[in-house]
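Database features (Swiss-Prot):
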BINDING   G84  anthranilate 1 binding site
BINDING   G84, 87-88, T92, 94-97, 112-120, S124  5-phospho-alpha-D-ribose 1-diphosphate binding site
BINDING   S96, E230  Mg(2+) 1 binding site
BINDING   R170  anthranilate 2 binding site
BINDING   D229, E230  Mg(2+) 2 binding site
Amino acid sequence: MPITEQEALLRCIDHREIFHDEMLHLFRKIMSGEMSPVMIAALTMGLRVKKESIGEIAAAAQVMREFSTKVPLTDTTNLLDIVGTGGDGANTFNISTASMFVAASAGARIAKHGGRSVSSSSGSADVLESLGANINLKPELVAESIAQTGIGFMFAPNHHAAMKHAAPVRKELGVRTIFNILGPLTNPAGAPNILMGVFHPDLVGIQVRVLQRLGAQHAIVVWGRDNMDEVSLGAATMVGELVNGEIREYEIHPEDFGLQMIASRNLKVANSVESKAKIFEALDNVDSPARDIVALNAGTALYAAGVASSIADGLAKARAAIASGAARAKLEQFVQVTQALGKA
């Protein structure tokens, strides 16, 4: 007999794990609309209070992947997602979005999965729209965007229709639940490589192990000690790295790469217009904290994608792409191609 919803709640109350097959059953009920809003709220809050285990998160992510609308890609060589869980409260500009243009111009292929703002003043979808890109492409056109530009953006609501059953509950609860950490684990293009920023240090070890269970190829999970869900310039960054099935955990410092430490307040923005200005500052090679943090994150992404042999090698490639104008040109190309595909 499959686990009942009440049994699952009792497990949470007793701080006992819900096993893999049981989580698959429960989350399939959520995604197919068979669980009531009251039970969705109770289960997700119960898991939060108990603290979700690696196995529980992996099973829930597996179900979200099952129910997602996929981007049809046959070749995933050097394909990478650059994504954050959000919720770090740092209100910085869209560092991962800017990094995506740099990484793509240096040889990575990007399948970025994102939505509107969670914690920042503007989410990746908000800022890409303000840059002029079309974020609402159909899955086959996202694949075409990757083929033409090396970048595809997958607007999360377009790929996770089954989440409509949980969305009102999440909104009304207004607190973090397991869903906040599932989004970055459910790339609809099946990107085997990922650079993921997380909002809490405990999630570094958890998410890298979840990605291991989900079969990721090269994953780098980061949390900056100044509470940033990026590779930070303002403090040390905790890293969980999965490569060839093995996990390493370590710290990196800006000084390791000859970079000056700069407080994250220098990267704060109030809205997507300010975020856009910082992105241009970085991509136009203006000597600034914005350029340096984008280069460092893009360099880490190039390493995760298998285009660079190390973060330091990736940083050198990222700097060269910015200095040559290739990164800014990639942004312009992406905007033009997504607009054209949207009219096709």
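Cβ from N, Cα, C; glycine included.
Taking a C-beta cut-off of under 8 angstroms and a sequence separation of 6 or more, R116 (5-phospho-alpha-D-ribose 1-diphosphate binding site) has the following same-chain neighbours: G123, A125, D126. Every protein chain shown contributes to the tally, and the Cβ of E230 (Mg(2+) 1 binding site) ends up with 26 other Cβ atoms within 10 Å. S96 (5-phospho-alpha-D-ribose 1-diphosphate binding site) counts 25 other C-beta atoms within 10 Å of its own C-beta, drawing on all protein chains shown. Reduced to three states, the DSSP call for S96 (5-phospho-alpha-D-ribose 1-diphosphate binding site) is helix. In the three-state DSSP reading, D229 (Mg(2+) 2 binding site) counts as coil.
For the residue listed as 'anthranilate 1 binding site', the number of other Cβ atoms no farther than 10 Å from its own Cβ, over all displayed protein chains, is 29. Within 10 Å of its Cβ, the residue among the binding-site residues H113, R170 with the fewest other Cβ atoms is R170. When the binding-site residues T92, D229 are scored by other C-beta atoms within 10 Å, D229 scores highest. When the Cα atoms are compared, E230 (Mg(2+) 1 binding site) and the residue listed as 'anthranilate 2 binding site' turn out to be 25 Å apart.
Proximity to D229 (Mg(2+) 2 binding site), defined by a C-alpha to C-alpha distance within 10 angstroms, is shown by the following binding-site residues from G84, H113, R170: G84.
The two recorded residues, S96 (5-phospho-alpha-D-ribose 1-diphosphate binding site) and G84 (anthranilate 1 binding site), show a Cα separation of 8 Å.
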